[in-house]
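K.L.:
Dropping a structure here in C-alpha cells format, bear with me for questions.
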Amino acid sequence: MPELPEVETSRRGIEPHLVGATILHAVVRNGRLRWPVSEEIYRLSDQPVLSVQRRAKYLLLELPEGWIIIHLGMSGSLRILTEGLPPEKHDHVDLVMSNGKVLRYTDPRRFGAWLWAKELEGHNVLAHLGPEPLSDDFNGEYLHQKCAKKKTAIKPWLMDNKLVVGVGNIYASESLFAAGIHPDRLASSLSLAECELLARVIKAVLLRSIEQGGTTLKDFLQSDGKPGYFAQELQVYGRKGEPCRVCGTPIVATKHAQRATFYCRQCQK
C-alpha cells in the first residue's frame, strides 16, 4: 500500500503540471472503487487547480468550488501523461487538463477513492486524524505521552492514524529497527529518551524515502512512471531470513494483526 512517502512523492510530481492549469473535464471509466467515485467528479468542467496538498495518505486538489480527495488504496498510482495516450485495463480516472496533460489514475485492485468535498473541515475521512509525522507537533514528548498508558505493542500503535498519520507497515518496521526497539515492546514501556529517538528516526526515515521517490514493491509508480528507489535501502522490511546489515543475524518475520513485521532479534530490544 502506498504510504506517506509515496503519496508525498505523487503530490510533488503532479503539482507542477496541475497548479495554474484548468481541468477541462474528467473521464471516469470505472467508478466502482473502494467508495463510488463522487458524482461531482463526473461533472467537472473548466475548473482551475489552485493547489495540490496532502493530509495523511490523502491527496487534496483545491478547486474554486471544492476539493477532490484522492486515496491511492492498496495499488493505486497517479501519472502525468500527454493527452491522447490510450488507456490500459486498470486506468480508471483521467483529469484532462488545459495544458495538454492528463492526470491518470491507475489502480489494479480498485481499493482507492476519488471523493468530493465542498469543505475539507469535518469531512469524515479526514476527521480524527493524528498529527503529521514531519510536523513539529509530532515529537518525543507527544509520543511518550500517548504511549504512557497504552497496553499494546508499539508497532501497531505507530500505524494507528489517531496517534500519527502515514506511518504504515514499511516505515514502522524500518523506524523501529533504526531506533533499536523491538516491535513487540509494549508502548507503555518506552522511556522518554526512547520516544524522542523514535520520533527523530521516523522523521528521518520518511524524509529519506521521499528523497528516493518512495518505495516500489509491486504496483507503486511515481508520476513520471518511474519506481520509487527506497526499496534498495530497506534494512528489515521484506528481508526475512537475510542477514541484518548491522550484525549479520537473520531477519525475523512475524504477523501483527495480519500485517507482516520484520525485525532483527539482536539489534532490537
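Quick reminder: no glycine exception, Cβ is built from N, Cα and C everywhere.
Okay, so Swiss-Prot annotates it like this:
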ACT_SITE  PRO2  active site, schiff-base intermediate with DNA
ACT_SITE  GLU3  active site, proton donor
ACT_SITE  LYS57  active site, proton donor
ACT_SITE  ARG259  active site, proton donor
BINDING   HIS90, ARG109, LYS150  DNA binding site
ZN_FING   235-269  zinc finger
K.L.:
Provide, as an integer number of angstrom, the distance between the C-alpha atoms of GLU3 (active site, proton donor) and HIS90 (DNA binding site).
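P.N.:
For GLU3 (active site, proton donor) versus HIS90 (DNA binding site), the Cα atoms are 20 Å apart.
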K.L.:
Quick one: give me the count of other CB atoms within 10 A of the CB of HIS90 (DNA binding site).
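P.N.:
The Cβ of HIS90 (DNA binding site) has 17 Cβ neighbours within 10 Å.
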K.L.:
Measure from the CA atom of LYS57 (active site, proton donor) to the CA atom of ARG259 (active site, proton donor) and give the result in Å, rounded to a whole number.
P.N.:
18
K.L.:
In whole Å, how far is LYS57 (active site, proton donor) from PRO2 (active site, schiff-base intermediate with DNA) when you measure between their Cα atoms?
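P.N.:
So the Cα of LYS57 (active site, proton donor) lies 8 Å away from that of PRO2 (active site, schiff-base intermediate with DNA).
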K.L.:
Can you give me the average pLDDT across the zinc finger (235-269), rounded to a whole number?
P.N.:
95
K.L.:
Taking every protein chain in this structure into account, which of the recorded positions LYS57, ARG109, LYS150, ARG259 has the most other Cβ atoms within 10 Å of its Cβ?
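P.N.:
It comes out as LYS57.
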K.L.:
Determine the C-alpha span of the DNA site listed in the record, that is the greatest distance between any two of HIS90, ARG109, LYS150, in Å to the nearest whole number.
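P.N.:
In whole numbers, the farthest two Cα atoms are 41 Å apart.
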